[in-house]
Amino acid sequence: MAHETAHTERPEPGDTGGGKPDAAVVRDALGVGVAVGLSGFAFGVTSAGAGLTLLQTCMTSLLIFTGASQFALVGALAAGGNPFTAAAGAFFLGIRNAFYGLRLSQLLALRGPVRPAAAQWVIDETTAVALAQPTRRAARIGFTVTGVTLYLLWNLTTLLGALGAEAIGDTEAWGLDAAGPAVFLALLAPMLRGTVERATAALAVVLGLGLLPVLPAGVPVLVAALAAPAVLYVRGRRDSGRVRRSESRGNEEEQR
Amino acid sequence: MNVWIAIGVTAVGCYAVKLAGLLVPGSVLERPLVRRLAALLPVALLAALTAQQTFGDGRELVLDARVLGVGAAGVALALRAPFLVVVGVAVAVTAGVRALL
């Protein structure tokens, strides 16, 4: 979903930057909110196909509200993982939102009482829209409009997707079990910019597939997550004589 | 019941990290190593999940129609197709291959 927003992040060509009109901010935010909100349909279908009830599917979107974690959770449950290993995989995917919150709290300067309410909307898309705005006022409008649009549409399309999957019955005959991995691939692809990212992904695939037959369901993904610190460690040792490069690599993260 | 436990634990955990980002002082999370690791963790998880859900069937590895579906999604991504089209291509190709075999 972060991949989607990359196109809309940039200001419109005619904009002067400093004085972006509110209507332009709202238009950008609505565009992202609608496009990504519609993909809640894929989640509803996948979740129903994984065996969750209509109520469980809808509560997942209402309460968890961070796409990759939701797909990971229902995938792990479908594979027969125990609830805590399933939750752990989903939780680790959600950790990136803490770093978005960090950027947003400085940018939006939210007052204390507003923060607990705003927190649920701290996700890939709202962050991308807010960070792309030239002023604090525009960032606040962008964050709020994206958050409201996305929350409403994501939950509505989740419901419709789950109802649709129940109506058609055998979701595998319709190829709907391929929706989950396609979503993960679409989220992953724009992250594979450098050799560190590619090495991490390759190692994680080997660990995830190699351990699947031998460890309990849900655990291989958690072990595969160790590919991230492992690659960083190896890279760090190799780079120990060239510390300065790590600073330029920091810039890649800024774009995320 | 297990499903509700998993939803509850994930919801609390995911909300807590979202809120923590808004409340925690910047210096804690701004260390370069912590930021690098946080950026790389989703790469590892998403790669492993993509592979498992493409080749996994319970605790076995299998080759079935999903491989072609996800492969087609990869081609769609390379052609810069929008998110929903990518997912739609994966579903359509998987269903089509199953219908033919």
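Glycine too: its Cβ is placed from the backbone N, Cα and C atoms.
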Pick from A:29-55, A:56-82: which stretch is listed in TrEMBL under transmembrane segment?
A:29-55
Kindly point out the range from A:91-115, A:141-165 that TrEMBL annotates with transmembrane segment.
A:141-165
Going along the chain, which residues at least six beyond the ends of the transmembrane segment (A:141-165) come within the CB cut-off of under 8 Å?
22, 25-26, 28-30, 32-34, 36-49, 52, 54, 57-58, 60-62, 65, 67, 104, 108, 118, 120-121, 123, 125-126, 129-130, 132-133, 171, 176
Quick test of the contact rule: Cβ under 8 Å, at least six residues beyond the ends. What residues does that give for the transmembrane segment (A:29-55)?
1, 4-5, 8, 61, 67, 70-71, 74-75, 77-78, 125, 128-129, 141-142, 144-150, 152-166, 171-172, 176-177, 179-180, 183
So what's near the transmembrane segment (A:201-234) in sequence-distant terms, Cβ-Cβ under 8 Å and 6+ beyond its ends?
72, 76, 79-82, 85-86, 88-89, 92, 188, 192
